[in-house]
Amino acid sequence: MAMMQRCFSNRILQQFCSGTQVTLLSGCHRAAGRRSLSSVPGVRERTLIAIKPDGVQRRLVGQIIQRFEQRGFKLVGLKMLQVSDDLLSQHYGQLRTKPFYPGLLQYMTSGPVVAMVWEGYKVIESSRMMVGHTNPAEAQPGTVRGDFSIHVSRNVVHASDSVEGAQREIQLWFKGKELLNWECCDHASTFGL
Ligand SMILES: Nc1ncnc2c1ncn2[C@@H]1O[C@H](COP(=O)(O)OP(=O)(O)OP(=O)(O)O)[C@@H](O)[C@H]1O
Ligand SMILES: Cc1cn([C@H]2C[C@H](O)[C@@H](COP(=O)(O)OP(=O)(O)O)O2)c(=O)[nH]c1=O
Ligand SMILES: [Mg+2]
């Protein structure tokens, strides 16, 4: 009897799994065919995330990228660069009068930076939450800064903090042709399309 029940449950499981697969596939086709992703407000939002020289030196690039992928965001731009003083002074222009500014420039030009543009629903707000408080001592465990850093002068990652800031920073760090528009085949799972 127990054996029969096991066989029966296995059959149900198989049917369930293959059924699920079919549903997911047809979900993909529906998303691509009938309703375009652009029709959902906010899903095209983009933000600049930069892994600072300490993050690169400490070989944290993979783990940081993985967190954004796992969350469901889409990578639309990626490059490694030695940042110029000119780019930085534009990027951190509002901090020019701060006492830590010279140290900040020195730190940010001390080695390569990995700059990325991530896209998705409320990505700016969500990525600020994922990155955590500016001062790692106040950052929650589970955030990038709360898990990987201890001092504000070496806080591993940059994340745009507003819609206007993100647009300005993306234009500053990336040329239009360096950003790719591509479709993930998981709209049904990510956005409920
Ligand atoms: N007291 C400080 N001492 C040293 N460096 C600091 C200090 N405060 C801020 N910084 C550096 O300046 C950066 C920019 O500060 P900001 O106030 O914009 O914080 P943030 O928005 O969390 O950081 P970011 O703009 O890099 O994402 C910080 O990320 C940090 O690298
Ligand atoms: C506020 C502050 C920032 N910084 C550095 C670390 C910040 O990541 C960087 C930019 O500051 P800010 O843009 O205010 O913070 P966030 O990085 O969270 O957006 O300046 C200091 O070194 N000392 C400080 O007191
Ligand atoms: Mg900032």
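Every residue gets a Cβ built from N, Cα and C, even glycine.
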Which of R67, R71, R145, R168 belongs with K52, F100, R128, T134, N155 in the ATP site listed by TrEMBL: R145
K52 (ATP binding site): tally of other CB atoms within 10 A of its CB: 23
Local backbone state of H158 (active site, pros-phosphohistidine intermediate), from DSSP in three classes: strand
Among R145, H158 [recorded positions], residue with fewest other Cβ within 10 Å: H158
Rounded Cα-Cα span from H158 (active site, pros-phosphohistidine intermediate) to R145 (ATP binding site), Å: 10
For the domain 'Nucleoside diphosphate kinase-like' (44-181), residues assigned helix / strand / coil by DSSP: 68 helix, 26 strand, 44 coil
Cα distance (Å, whole number) from H158 (active site, pros-phosphohistidine intermediate) to K52 (ATP binding site): 7
